[in-house]
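Colleague: Please find one structure pasted underneath; my questions will follow.
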Amino acid sequence: MPTLFHPVPYHPHLLRQAYRTLGPMLLVNLACVIGTSFLLDIANHPLLSGWVVMHVTVILIRGGSWARFHQDKRNWRRKSDYQFWKASYAAGLLVSGSLWSALAVYLFAKHPEIASVEAQYAVLIILSALAGGATGVTSSFARAGSVYIGLLLLPASLTLLTHDDTHRTLGLLGLIFLGVMLVTLRGNHRLLVRNLTLEDRNLSLIKQLSEVNQVLEAKVSERTERLARLAHTDKLTGLFNRYGLFDWHQKRIEAEPHTRTVVFFLDLDRFKQVNDALSHEAGDKVLTAIAQQIESVAPPQAKLARWGGDEFVLACPVTGDVNALVDAVSEGVSRAVDIPLNIEGTDLKLGVSIGWACHPDHDKTFSDIVHAADLAATEVKRSGRGRTLAFDETFAESLRRRFNLSRALSEAIGSDALYVAYQPIICARTGALLSYEALCRWDHPELGTIRPDEFIRLAEDTDRIVALGNWVLERACADAVQWRRQGIAAKVAVNVSVKQLTLDTFALHLVSILSRTGLSPACLEIEVTESVFDDGHIEQVSHTIKHLKALGVHIHIDDFGTGYSSLSRLRHLNVSGIKIDQSFVADLSGQSRVIIESTILIARAFGLTIVAEGVESDEQRDLLRTLGVDQLQGYLLGRPQRLGNILGADTLSETAA
């Protein structure tokens, strides 16, 4: 433990603190010297004039030392420089203290007549004030500080002891004051050392914590990138899947906003015969070989993706004439697919039907361009196969259907044509009913039942998703109140679009719905897709989710693993759980299982509830339980049903157990 006589041998922070307080100390000394010069008759006493000049000179020299120290940046941390600056500081104190000591001896012992009693007392007050201040400003170096304080008080006190009783009393008080100041200096020094040592330890801990966080973030980033690669890759061919292709195109658009892309939709001819005549394993080998052959003839900047089944999508950036590119690519792909294959001893020869469309010539969104190319390929299939055809409006009966459905949808929202069905979500461990997911359904009076993926996508594209989502949300909350009154203690899970979450008024609107229906916020689960991770609106979404969580609403990420796969961003969105997409549950072998296991591992680290949807077999249910999934949903456990069926049903299907 450092003491007054055994100070800390090397502590750069003490040196920094000493020079930090040196500037104010010099200003105070200068003011005291100037004040003393006015108190004393220096004009008639050359020695006093010399003392003032000498003291001011010393202050200026010390000021220059103070300035050079701060210009030295951090070199003073080196031990050799540290000793130099410490010695410079101590020497300044010694010289300054000696000058004050000399003044006291000269004034009180040699020539007391040159100053009035009031002036002498004023000098004593100045010396005492300087000594008192020194207990703080010189506490970095206790030994030098104690010498400085001693020089200020000891000579003056001893000199006063040689005078009359009044002066002896002052001298005695000066010695007592000296002792008090030395004790105070020691205490201040110990406190400063303790504080600086604690500061060093805190900085060291912060540095260690930062290093640990960097390592953890690197691991999370590495796993996130791996998950992204797995989620964007077709496990059979190693090509992009549709999500990977969309992500690739989005990044290209961000980098080159005005770029054009020709999309080829490749539908293999006679592939079904391979599966039927040989086996699905043989079909997989055919798909792998065909993918390699197509990729070998694709332009350097093009990207090939497996769309699903025997369908591929080839996206080619346009650098010249579109028609020339189409002719070259379609001819090369047709020749590549025509190459005979020998699979399991059987010679096979397939063909390909090609439809193409150009982004943004034929439509605004890349998804619609792929759909347009798909329509063209379907027309090729219908009219004889083996050709290449550009998208044309004559193939757009589906687009007219979209238009008709769009008009009908605005009328259907809030009417009896739309209704909400509820699919149970159970506890994976006990089989107990935990919640129902609200699923919107549409029965069109002329077109019949409209698929949810069709009209929901239509609602998103036509900006009716907010109205539709709000209607479903209020309907689901009201229905949940009804079944809870009947003793069914299940929550309700409702899908909410990103467009709803980005509205500033959504949280207030939800509060209004809960107030009108009487549903407790704790009984509501909001499901949002991974598109909430998009940088374009993550701040607004995060703000809205924070408000919803404050209300007590649970937030789940739906279809997790199919989109952004941003596990590192789960920290920034205060969600309650994630729902693994049914596409991974449908195939629990290979990469799908790896994705699920990795997702569960990291989700557990964030304390999230894990839900798996699309459970349709006992094997899937049992394996998901083993992997550690918390909740299950799927046809095996219960199909979507209307509220009336729920209120009339006493128990779930026994399969749920």
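In case you wondered, yes, glycine gets a Cβ from its N, Cα and C as well.
Note that the coordinates shown come from a computational prediction; the quantities given were computed from them, not determined experimentally.
If you look up TrEMBL, you'll see 259-393 marked as domain 'GGDEF'. As annotated by TrEMBL, domain 'EAL' applies to 402-654. For 21-42, 48-67, 88-109, 121-138, 169-185, the entry in TrEMBL reads transmembrane segment.
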Colleague: Using a Cβ cut-off under 8 Å, which residues of the same chain at least 6 positions beyond either end of the transmembrane segment (169-185) come close to it?
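Modeller: Counting only partners 6 or more residues beyond its ends, the transmembrane segment (169-185) has Cβ contacts under 8 Å with 4, 124, 128, 131-132, 134-135, 138-139, 142, 145-146, 149-150, 153-154, 156-161, 163.
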Colleague: In terms of Cβ proximity under 8 Å, which residues at least six beyond the ends of the transmembrane segment (121-138) contact it?
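Modeller: Those are 18, 21-22, 24-25, 28-29, 32, 35-36, 39-40, 93, 100, 103-104, 107, 115, 144-145, 148-149, 152-153, 156, 170, 174, 177-178, 181, 184-185, 188, in sequence order.
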Colleague: Over the domain 'GGDEF' (259-393), what is the model's average pLDDT?
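Modeller: Overall, the domain 'GGDEF' (259-393) comes to a mean pLDDT of 87.
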Colleague: If you run through the domain 'GGDEF' (259-393) with DSSP, how many residues end up as helix, strand and coil?
Modeller: 60 helix, 40 strand, 35 coil
